[in-house]
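Asks: What follows is a single structure, and I will ask about it in a moment.
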Amino acid sequence: MVKFSKELEAQLIPEWKEAFVNYCLLKKQIKKIKTSRKPKPASHYPIGHHSDFGRSLFDPVRKLARTFSDKLFSNSEKPEILQVRRRRGSSETGDDVDEIYQTELVQLFSEEDEVKVFFARLDEELNKVNQFHKPKETEFLERGEILKKQLETLAELKQILSDRKKRNLSGSNSHRSFSSSVRNSDFSAGSPGELSEIQSETSRTDEIIEALERNGVSFINSATRSKTKGGKPKMSLRVDIPDAVAGAEGGIARSIATAMSVLWEELVNNPRSDFTNWKNIQSAEKKIRSAFVELYRGLGLLKTYSSLNMIAFTKIMKKFDKVAGQNASSTYLKVVKRSQFISSDKVVRLMDEVESIFTKHFANNDRKKAMKFLKPHQTKDSHMVTFFVGLFTGCFISLFVIYIILAHLSGIFTSSDQVSYLETVYPVFSVFALLSLHMFMYGCNLYMWKNTRINYTFIFEFAPNTALRYRDAFLMGTTFMTSVVAAMVIHLILRASGFSASQVDTIPGILLLIFICVLICPFNTFYRPTRFCFIRILRKIVCSPFYKVLMVDFFMGDQLTSQIPLLRHLETTGCYFLAQSFKTHEYNTCKNGRYYREFAYLISFLPYFWRAMQCVRRWWDESNPDHLINMGKYVSAMVAAGVRITYARENNDLWLTMVLVSSVVATIYQLYWDFVKDWGLLNPKSKNPWLRDNLVLRNKNFYYLSIALNLVLRVAWIETIMRFRVSPVQSHLLDFFLASLEVIRRGHWNFYRVENEHLNNVGQFRAVKTVPLPFLDRDSDG
């Protein structure tokens, strides 16, 4: 049977862990009570009380007598063992705050210090739970009211657009707004009268906007004026994210409802913008739907919070009764049940209301469909996945041993064949090997995050029912590696069987083509949600300045900075097959080309450039100067990478000095950011020396070892300036080994980066995502 302390640890919300009942602390206090209580002489107890300590032959008789006396006398005549008083607390400003509970002991326990300490801590835990629950409940209730207003606004907008569409289909000629005439008129030859009319109509539009804002309705980027390519002025009024052209005819409306209706009517009065408006409405609807899902999730977490804490109080009081030999739980639990976090039913009622609203507006009155959105069920771990992981791991090891034997027997690495083999096979197979290693490290990250209760799905904003799990990551990695080694074995067998080199050397290209087809396959096979999510993130990284940067975006950007050798191998592979060098076996066609050599700089710069642009975008959105400082880290890395490439081609003392200077500066920059910013370590004032106050791993030595390991792997670039004289095969293997070390370092870095982000969420009790709403209410926005 699982102990409740472990069950509580497994079920509690990680981000709210500090707000839960400290069950372990109370349990330790009960153990202290048990050890401190010793048998006392009978004279120390009140008349009529029998000691519970010691055994005798008369115990059954005494028990029967106590039972008979309990039935004989009414319970009202029994004195209370304890009394829990409730009072109003006060803040520093003197205002009343939450209710405070305080237990007063009477009779037996008034003389026992350990019992006093226990109930004092129990009161603290009860007050802590109430003080956390009430603000959270208020926050969710206010969020629910805002979402209902947003939904009403959305419904009215949809109705106006629908009515407008019906009028257009029926052939009725609706009156065009002033903004439509502005777009259709030629202002290059406009008269002063036309300009004055424009100004008067514009002022009327501004008056309507001001009137609406005075009554609490705000428009995002209201009354923004711009010019089209033809020089025609245009007014953009945004209620949502749409750039809809606005105008108004007549004076200010008599009421806010009328003004809103007039303004919305004008927003959709242009037939040309019907498609755009519907698209914007759909975008707003998607945001509101996501907000309702997050609200329901938050309410569910708060409900779980209440129930788990109630169970914890019940369990701990039963333990106390067992140790003390008294029935103190009934009195205290009555108070707990009357406290705010249990007695309030607002959360449950709001959950029911959200279910009905979501079913009606977003699921076509299909409750089953609605609950799939509100309560997505995560698929259970399949033993079949574990079986295939083991199967492919065994296949990979067997095929790799076969490959080594065949390579030795065929003499593929002799001086006559090694250049041909390395130029055709090494780049493509290295791509898959590095990718598989990265996937394996990511699987290790997922395993560690799960075991340490780090909520990575919330941090990365993954859907819980489609998020990749560690077994799936291991399956993908072992599948890739088995396929790669199988292709290498087939390549050697066909090469030794007398097939033409041009035919055999197409095998790596075929393998790469299969991988690309699997990646973009539209069918729901082989983890389609994960594949498409990966493609979307890559698109956002490539266009990083133009997209809002989320945690998962810059996390993936950091992964790319560790895969520059993989990108260089892709460059070589692309040139090799596009130039059809596999037919002529002229391997130096690419390497000696000027464009190929210059493209190497671009490939090495791109991951750092994308990451720097993400920092710029985050600085633009958040106005945090730390993002600009972080951008400097990637700029220094770009400089160091470019200097190293040049030094590999221009081997002289000048470039050696530049490599040393640029690499040392970049490494110090990166190490500081790794330890202080990304990991949150090296805090001299921390209670854990040179670490941080909160640690997920219990053994502090892991953090010190990780700091040392990251330091060693960060300076692996020193190999590039040592000028080892090795053969081409050894040189390629050394490059692959260093690239693998960087992938391992990145996987090691990933755990502590996400751990630090998780602890930031814990410190702010952030367990629910805040979805930005489409319609801005000035009063609610503050």
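Cβ from N, Cα, C; glycine included.
Reproduced below are the annotations present in Swiss-Prot:
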- 2-334: domain 'SPX' (DOMAIN)
- 165-202: region 'Disordered' (REGION)
- 387-407: transmembrane segment (TRANSMEM)
- 424-444: transmembrane segment (TRANSMEM)
- 474-494: transmembrane segment (TRANSMEM)
- 507-527: transmembrane segment (TRANSMEM)
- 591-782: domain 'EXS' (DOMAIN)
- 594-614: transmembrane segment (TRANSMEM)
- 620-639: transmembrane segment (TRANSMEM)
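I'm curious about the neighbourhood of these features; can you describe it?
Replies: Over the domain 'SPX' (2-334), the average per-residue pLDDT in this prediction is 68.
Same-chain residues lying 6 or more positions outside the transmembrane segment (387-407) and placing a CB less than 8 Å from one of its CB atoms are 413, 471, 474-475, 478-479, 481-482, 485-486, 488-489, 492-493, 496.
Non-local neighbours of the transmembrane segment (424-444) in the same chain are 470-471, 473-474, 476-478, 480-481, 483-484, 487-488, 491, 505, 508-509, 511-512, 515, 559, 562-563, 565-566, 569-570, 572-573, 576, 582, 587, 732, 736, 739-740, 743-744, 746-748, 750; each lies 6+ residues outside the stretch with a CB under 8 Å from one of its CB atoms.
Listed as Cβ neighbours of the transmembrane segment (507-527) (distance under 8 Å, sequence separation of 6 or more from its ends, same chain) are residues 424-425, 427-429, 431-432, 468, 472, 476, 483-484, 487, 490-491, 494, 534-535, 573, 577, 582.
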